[in-house]
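Working notes, beginning with the structure itself.
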Amino acid sequence: MGQFTVVSLGLLAVFLSLSGAKGDNCPANWISRNGVCNKLFPDRKTWLEAEMYCRALKPGCHLASLHRDSDSTVLAWYISDHFKGAGHVWIGLRDTNRKRTWKWSDRTSTNYFSWNQGEPNNVQDNENCVHLWAPSGYLKWNDEPCASLHPSICQYKL
């Protein structure tokens, strides 16, 4: 009877880990990083359209926010490896008041920046949204007019 109990508990542990009971699994086609799930959507949208699209996916979903170099590296690898030629990709950072005060759409703290050299430059006083800059391998950011059309990357917390 003792071996049966041990085997049963072992099978239960395997089943729970495969079923996602640990709470760290993202849906198919989403990637997991630092407690969040991300997915790139290749359809080109304005920044606001992209943010609204993310919000419609599920409660708490927004354009991606990045808070450390490792976040940038994981997303850069994901985009470069799976979406060749995606072009620039919207993230959730923007200057809503046009005062060069950058805020994430998910309202997390703005404690990390990865601007490309010379950015943000606010060309023609019209660049208030931020994308991952394709020529940098998606590691650096550029400010851009919010009406520009780009793919986007959505994110939600696990």
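Quick reminder: no glycine exception, Cβ is built from N, Cα and C everywhere.
In Swiss-Prot, Cys154 is paired through a disulphide bond with Cys54, chosen from Cys54, Cys129, Cys146. Cys26 (disulfide bond): 16 other CB atoms within 10 A of its CB, across all protein chains.
Its Cβ placed at the centre, Asn142 (Ca(2+) binding site) has 20 other Cβ atoms within 10 Å.
One residue stands out among the binding-site residues Glu127, Asp143 for having the most other Cβ atoms within 10 Å of its Cβ: Asp143. Cα distances from Asp143 (Ca(2+) binding site) to the disulfide-bonded residues Cys26, Cys37, Cys129, Cys154 are smallest for Cys129.
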